[in-house]
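Engineer: Dropping a structure here in structure tokens format, bear with me for questions.
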Amino acid sequence: MADYLISGGTSYVPDDGLTAQQLFGAGDGLTYNDFLILPGYIDFTADQVDLTSALTKKITLKTPMVSSPMDTVTEASMAIAMALTGGIGIMHHNCTPEFQANEVRKVKKYEQGFITDPVVLSPKHRVRDVFEAKARHGFCGIPITENGKMGSKLAGIISSRDIDFLKSEEHDLALSEIMTRREDLVVAPAGVTLKEANEILQRSKKGKLLPIVNGNDELVAIIARTDLKKNRDYPLASKDAKKQLLCGAAIGTHEDDKYRLDLLVQAGVDAVVLDSSQGNSIFQINMIKFIKEKYQDLQVIAGNVVTAAQAKNLIDAGADALRVGMGSGSICITQEVLACGRPQATAVYKVSEYARRFGVPVIADGGIQTVGHIAKALALGASTVMMGSLLAATTEAPGEYFFSDGIRLKKYRGMGSLDAMDKNVSSQKRYFSEADKIKVAQGVSGAVQDKGSIHKFIPYLIAGIQHSCQDIGAKSLTQVRAMMYSGELKFEKRTMSAQVEGGVHGLHSYEKRLF
């Protein structure tokens, strides 16, 4: 007892851990796995943690999550889901200006619960087409119209009960022979409210789809019973002053991007991201000034940057937020190929510490593999995190599912991959290579395992961030950052063996289910 008893009191507590300034002041480039946050004191529940965060100077989100402007991550479906769950989606620009503007328009015109662009078939399609649609999209409740398109007269509906017990030799049957015909359907008129539609479905007790038709009996939308269940209430939804969902879009920094910008503004875009792998350029500075002169109220997210010196030029030009990251994404090989970039944790801390002096929020872009990485990025000063691979292969991500070795996958590629560059010149412009005869790839193309729906995945991420803040002892992300800058929040570097210890180890086999 006497060997270690020094004092009967507990007023003395030794100084422990490193401040953020000490952690990142040594000159080492650190990633999210290189350190941990030391826990604090808990006197509240996790669900009390406020995750409200600034996306830009004028746009605030209730959850700090942004989907990346990549052509295998964000189009209208992803942007809608992100906004409904409290974040925002940034529409990619590896497409025509008209297509991109139309995707933004879909988000801004979205009415909760109504599906305006469903899979539609015609009576002439075959049963095998339904099975193919089911394999691609994961469902087989499909409206049938006269010409197989929206806006055509409703002819019937195909559901799983119509095809489940058909023999393989019957897969060539025309849908007109087996579908539930129009006269046997319960429909709702255009203009019906979500509440009224819900009541109609409950009363009818027929099927899983409710077609919405206009006065000419033409299909204008559908409502799925499963969607009614999950769309009843989105208290965190990101909306503008007109109660429309928030939506962002990426553009380049070239002269022809000004036309794209005009179309996006006409579509109602809330923020534009100047999409460049290296944002500290005269091209981006000039584009920021042009936008601020022509569309004063439009929020401009500039980047990408990884140093305070880069950030200074974009802030001086009028940027409303900064996107931080260079070469840290899972499909990015910029650091390997060009020897330029910065480890992501260091980049986020250094740029955030500088930008906060001017009231400019930072988006941590790249290197996010787990919910723990999100918590670390936010604790280092980022206001929001941008996710690519973490959201790839969700139901709402663009692309079709395919199977490999029995695993359901979706394609995921970097915008600096040759695959993406070959699709559209916008991807080449992002890396200043549109005029090059020889393209230098700064990304790769691959596949990611099916993660299910955003509506299940994002709530898991939200809960994880809240529990992280609880362990830290902070009731809000604002408090987390205040603790970090004051030096109250402490960190500790991890050796390689510490990282092994912090992961799953010592098991013969295990199943890792996150939610």
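Any Cβ shown, glycine's included, is placed from N, Cα and C.
According to Swiss-Prot:
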DOMAIN    114-173  domain 'CBS 1'
DOMAIN    179-238  domain 'CBS 2'
BINDING   Asp275, Ser276, Ser277, Gly325, Met326, Gly327  NAD(+) binding site
BINDING   Gly327, Gly329, Cys332, Glu501, Gly502, Gly503  K(+) binding site
BINDING   Ser330, Asp365, Gly366, Gly367, Gly388, Ser389, Tyr412, Arg413, Gly414, Met415, Gly416, Gln442  IMP binding site
ACT_SITE  Cys332  active site, thioimidate intermediate
ACT_SITE  Arg430  active site, proton acceptor
Engineer: So, by DSSP, how many helix, strand and coil residues make up the domain 'CBS 1' (114-173)?
Structural biologist: 18 helix, 13 strand, 29 coil
Engineer: For Ser276 (NAD(+) binding site), just count the other CB atoms lying within 10 A of its CB, please.
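Structural biologist: Counting Cβ neighbours of Ser276 (NAD(+) binding site) within 10 Å gives 23.
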Engineer: Quick one: Cα separation, Ser277 (NAD(+) binding site) versus Tyr412 (IMP binding site), in Å?
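Structural biologist: So the Cα of Tyr412 (IMP binding site) lies 18 Å away from that of Ser277 (NAD(+) binding site).
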Engineer: Express the distance between the Cα positions of Gly325 (NAD(+) binding site) and Tyr412 (IMP binding site) as a whole number of Å.
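Structural biologist: Cα of Gly325 (NAD(+) binding site) to Cα of Tyr412 (IMP binding site) measures 19 Å after rounding.
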Engineer: Of Asp275, Ser276, Met326, Gly327, Gly366, which is closest to Gly502 (K(+) binding site) if I measure between C-alpha atoms? They're all binding-site residues.
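Structural biologist: It is Gly366, whose Cα lies nearest.
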Engineer: Of all the binding-site residues given, Asp275, Glu501, which has the fewest Cβ neighbours within 10 Å once its own Cβ is left out?
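Structural biologist: Comparing Cβ neighbours within 10 Å for the binding-site residues Asp275, Glu501, Glu501 has the fewest.
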Engineer: Fill in the CA-CA distance, Glu501 (K(+) binding site) to Met326 (NAD(+) binding site), as an integer in Å.
Structural biologist: 29
Engineer: Which one is it: of the binding-site residues Asp275, Gly366, Tyr412, whose Cα lies the shortest distance from the Cα of Gly503 (K(+) binding site)?
Structural biologist: Gly366
Engineer: Per DSSP, to which secondary structure element type does Tyr412 (IMP binding site) belong, with helix, strand and coil as the options?
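Structural biologist: Looking at the DSSP assignment, Tyr412 (IMP binding site) belongs to a strand.
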Engineer: For Gly502 (K(+) binding site), what is the secondary structure state per DSSP, taken as helix, strand or coil?
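Structural biologist: For Gly502 (K(+) binding site) - judged by DSSP and reduced to three states - the answer is helix.
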Engineer: Around the Cβ of Gly502 (K(+) binding site), how many other Cβ atoms lie within 10 Å? Please give the count over every shown protein chain.
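Structural biologist: Total other Cβ atoms inside 10 Å, all chains included: 12.
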Engineer: Taking DSSP states H, G and I as helix and E and B as strand, how many residues of the domain 'CBS 2' (179-238) are helix, strand and coil?
Structural biologist: 20 helix, 16 strand, 24 coil
